[in-house]
Amino acid sequence: MLKLFSAFRKNKIWDFNGGIHPPEMKTQSNGTPLRQVPLAQRFVIPLKQHIGAEGELCVSVGDKVLRGQPLTRGRGKMLPVHAPTSGTVTAIAPHSTAHPSALAELSVIIDADGEDCWIPRDGWADYRSRRREELIERIHQFGVAGLGGAGFPTGVKLQGGGDKIETLIINAAECEPYITADDRLMQDCAAQVVEGIRILAHILQPREILIGIEDNKPQAISMLRAVLADSHDISMRVIPTKYPSGGAKQLTYILTGKQVPHGGRSSDIGVLMQNVGTAYAVKRAVIDGEPITERVVTLTGEAIARPGNVWARLGTPVRHLLNDAGFCPSADQMVIMGGPLMGFTLPWLDVPVVKITNCLLAPSANELGEPQEEQSCIRCSACADACPADLLPQQLYWFSKGQQHDKATTHNIADCIECGACAWVCPSNIPLVQYFRQEKAEIAAIRQEEKRAAEAKARFEARQARLEREKAARLERHKSAAVQPAAKDKDAIAAALARVKEKQAQATQPIVIKAGERPDNSAIIAAREARKAQARAKQAELQQTNDAATVTDPRKTAVEAAIARAKARKLEQQQANAEPEQQVDPRKAAVEAAIARAKARKLEQQQANAEPEQQVDPRKAAVEAAIARAKARKLEQQQANAEPEEPVDPRKAAVEAAIARAKARKLEQQQANAEPEEPVDPRKAAVEAAITRAKARKLEQQQANAEPEEQVDPRKAAVAAAIARAKARKLEQQQANAEPEEQVDPRKAAVAAAIARVQAKKAVQQKVVNED
């Protein structure tokens, strides 16, 4: 029955899996009271001493500052920092900070003036009359953050808790070896700590308030019990010493039996936890009106002559604190910020004290032993047995070493609290915590990159959607403009329609013929004449364009002319020395002669008016002339053996000559008034003219030496000649009075004229013969 009653007691505690019991080593520093350290000459205050973004600077180089004066502005989750003493801002530049890699962060450097003057302080002793929001804002603006090691802004944490917090836990376990800052603070300032707890309770209004403290702090337990003797709203739970019972999840389970869900927060189960040092800082911010400018720091280790706990101003160089405590470094001396399990080694001693600095450990060479070489994992599972978060450190080790980020995430590497228990028990001396920290950093970087990529994709898709909307709107405007033409377009369309209707009305209007009157066709005749004139003008322009475009090559013309002359000479020689066996057709000869003369005249006119485009190469012209002469000689030899064609009827020749003369006169008149339709190639004209002249000479010789085989009827010849002359006169009269509607081909006209002249001459000759 007694055991059953004990099980239902209110102060029941639970135990978590894993954990270790390393040597505590706390007696080196917890036996002496808190003391002040002399001010340093220079303070380095990093702008970021908490989780989250740094604040906005509100001072500049050369400014005079007082203790407690804000150096940055805190907006949102940004936490401000304050001047630790009065002095002058000498620089604002990057400086190495309290970090395992000693990364340089933007810092404000202040040279102290030694006066240590405060800003005007306005404390709220009657904080119970203040609203919850006012208290949270004051805590935030006074720079209060979690002093247990996380550095999370306290005001943000209180704001996030809201009205769902049922249990407020004050973490006083301080389980890591060597560290006694909270122990000494509770011994020397227990009343102030409890007052800070009451301010937090006033803000959160929880149903219960629990203080968790390990049983290895008897003096602190005594002081708290004395202060809480008359208080019934705050319960203190003394728990067994076990590392890491001071972890947030572990202490929550020990005191409440509730487990924080994976990936969640303690506020999800109605629990909010604050550190003892944080409660003390809340009291000083609200009641005393003092921003956080200092904190308790444990100085311990066998390399320090006077170990203990001191009030260290934020921004004080570590070297200054160690020298004040009698630091005696060895050849290979190391200094650890934090405890031996969760702390990190400082690369040098010029880094400043920040809000999360709770211990400076300077061990001797024999105190921690010689560092041993890392060996291969033997899969003994000792790390898994010691893990307080129920993880598999050996598997996480392999995943971290193999860059298998997905598997490490699946095995809940984010739940690792980096307590170092696994590395403490590892027989292979594997620094597991270092591997886990590196893996967490890489996963965080990957997620940050994925987040930026997702944001960039969202911006791109939004831009594409905007462009599509603009394009659709533009197309819609174009469609509207096409459907509804503008006023000017409407006027132009109406004017065009009116002109079309007017033309149609004029075209369909009938011509009325009245009795005794003649119809007036003058308008129609004038329109016809205008169209003819327009057509002739267009044809003249086209002819001028063609004449300008036609270019005669003088070299080819010269060659062809030479060939024609050679052929003509050869033909003359043949006619002079040879007796024709047959009569030559005089009609064909006359026609060809007339054609040749017409072409020759036209060629002379074109050559007189045309400018050659390019100079003739005399060498090429000489070569071509020689070739032409050779061809002419060969032609003479070939024609020496040729026979003439059949005899010609003189009657038909006379008629054709008369017709040719009439047509020639008509052609001359047309050429005087009209422009030729097409340009004649002068080269071909010259060749044909030469050939025609040769043939004409040959024909004359044949006619002079030949006797006609048949007698021509003189009456018929006279009648034909008279008819030809009458037709010629009639044709001349028609050409003199009429305007030609179409252009006449000059070559055909020349041929017809030549034929007419030959026929006329022949008819006259026949008439003379008949009269004789």
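Glycine is no exception: its Cβ is also placed from the backbone N, Cα and C atoms.
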67-86, 727-746 - the range that Swiss-Prot marks as region 'Disordered': 727-746
Among ranges 256-277, 696-717, whichever one Swiss-Prot labels region 'Disordered': 696-717
Candidate from Cys328, Cys416, Cys419, Cys426 that Swiss-Prot assigns to the same [4Fe-4S] cluster 1 site as Cys377, Cys380, Cys383: Cys426
Binding-site residues compared (Cys377, Cys422, Cys426) - highest count of Cβ atoms within 10 Å: Cys422
Candidate with sparsest Cβ neighbourhood (10 Å radius) among Cys380, Cys383, Cys387, Cys416, Cys419, the listed binding-site residues: Cys380
Long-range neighbours of the domain '4Fe-4S ferredoxin-type 2' (407-436), counting only residues six or more past its ends (CB under 8 A): 18-20, 22, 243-244, 247, 249, 262-263, 341-342, 372-378, 380, 382-389, 391-393, 395-397, 399-401, 443
Assigned conformation of Cys419 ([4Fe-4S] cluster 2 binding site) - DSSP reduced to three states: coil
Rounded inter-Cα distance in Å - Cys380 ([4Fe-4S] cluster 1 binding site), Cys422 ([4Fe-4S] cluster 2 binding site): 12
Residue pair Cys419 ([4Fe-4S] cluster 2 binding site), Cys377 ([4Fe-4S] cluster 1 binding site) - Cα distance, angstrom, rounded: 20
Non-site residues, in chain order, whose CB comes within 8 A of the mean position of the CB atoms of Cys387, Cys416, Cys419, Cys422 at [4Fe-4S] cluster 2: Gly18, Cys383, Ala386, Pro388, Ala389, Leu391, Pro393, Ile417, Glu418, Gly420, Ala421, Leu432, Val433, Phe436
Length of the line joining the Cα atoms of Cys426 ([4Fe-4S] cluster 1 binding site) and Cys387 ([4Fe-4S] cluster 2 binding site), in Å: 11
